Ligand code: SF4
């Protein structure tokens, strides 16, 4: 009996020991749960910290109203923007689309050059006729510097027709080709006296019958001295209408006919001024200032010249302000708030 009791007691002890060992083991492992509980708030806190940072990153630029500091790629995209928005008519442009685009260009240029006018100084049709003949191969500014002395000495066709050629040559020397120009202006003066009673005719066919007078000169006189619509196809006009793909013609008479068909007759004279002014100030023969051009979005030749806005501004010319082709500095001096060329000095 004693032996059995001892065996029972030992078995109880062993069971108690096993239970105690289990409890100890459980105690040892149980701290893992609280650790996990602690880790969760830490993650939440970290997430909270990160969340405002993200929000701030999103809000920052618009709230501050500061221009975004664009990465290089984005900057390139901004610079190239005009090219994306440019209407590039190419070969597929319909006649209707061409007419619309041409008229829109003229409207835009009318906004940029509302004061466009012939840049030759004149007081009557005779003076304009002579000044236009003299302007071949030279600048209007040079002609304007020369004609006051000429018209002071020879105010009428009769006076110029009867002049001493050598004296006229001396006055016209600064215009270049002064001998040929002397022959022209004296010849046309004689023709005016002999055939038109000393008056400048107001019909195209009569004007082009005068020595040294072509259609371009005739239209300048008709449009500006007689108020008769005319298209003046000078070197600027020829260059620009080809850049704008208004026509592929190269002959001045054909260019005139092609452009005339795009516009109502009443717009011809002003159109000529707008195009010529744009050619003199922005769309130059060698370095068109595309980056400062107000009609870049309508021009199929955008990119033929400088497209960087700052560099392009430096190319703008402002002939009325000084010597031909003189560049004013800084460019802001002759750009208005919209970046467009300001009116010439003294223009009304
Ligand atoms: S300056 Fe450039 S964009 Fe402007 S009309 Fe001339 S070619 Fe076209």
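Counting begins at 1 with the first residue displayed.
Every residue gets a Cβ built from N, Cα and C, even glycine.
What TrEMBL says about this protein:
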type	residues	note
COMPBIAS	1-13	compositional bias 'Low complexity'
REGION	1-63	region 'Disordered'
COMPBIAS	27-63	compositional bias 'Low complexity'
DOMAIN	134-281	domain 'HhH-GPD'
BINDING	283, 290, 293, 299	[4Fe-4S] cluster binding site
REGION	322-348	region 'Disordered'
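Residues 243, 282, 288, 289, 295, 296, 301, 302, 304, 305 surround the recorded [4Fe-4S] cluster site, their Cβ atoms falling within 8 Å of the Cβ centroid of 283, 290, 293, 299, which are themselves excluded.
Under 8 Å, Cβ to Cβ, and six or more positions away along its own chain, residue 283 ([4Fe-4S] cluster binding site) finds 236, 239, 240, 243, 289, 293, 305. For the recorded site, residue 290 ([4Fe-4S] cluster binding site), the DSSP three-state label reads helix.
For residue 299 ([4Fe-4S] cluster binding site), the number of other Cβ atoms no farther than 10 Å from its own Cβ, over all displayed protein chains, is 24.
Taken through DSSP, the domain 'HhH-GPD' (134-281) splits into 100 helix, 0 strand, 48 coil. The DSSP secondary structure for residue 283 ([4Fe-4S] cluster binding site) is coil.
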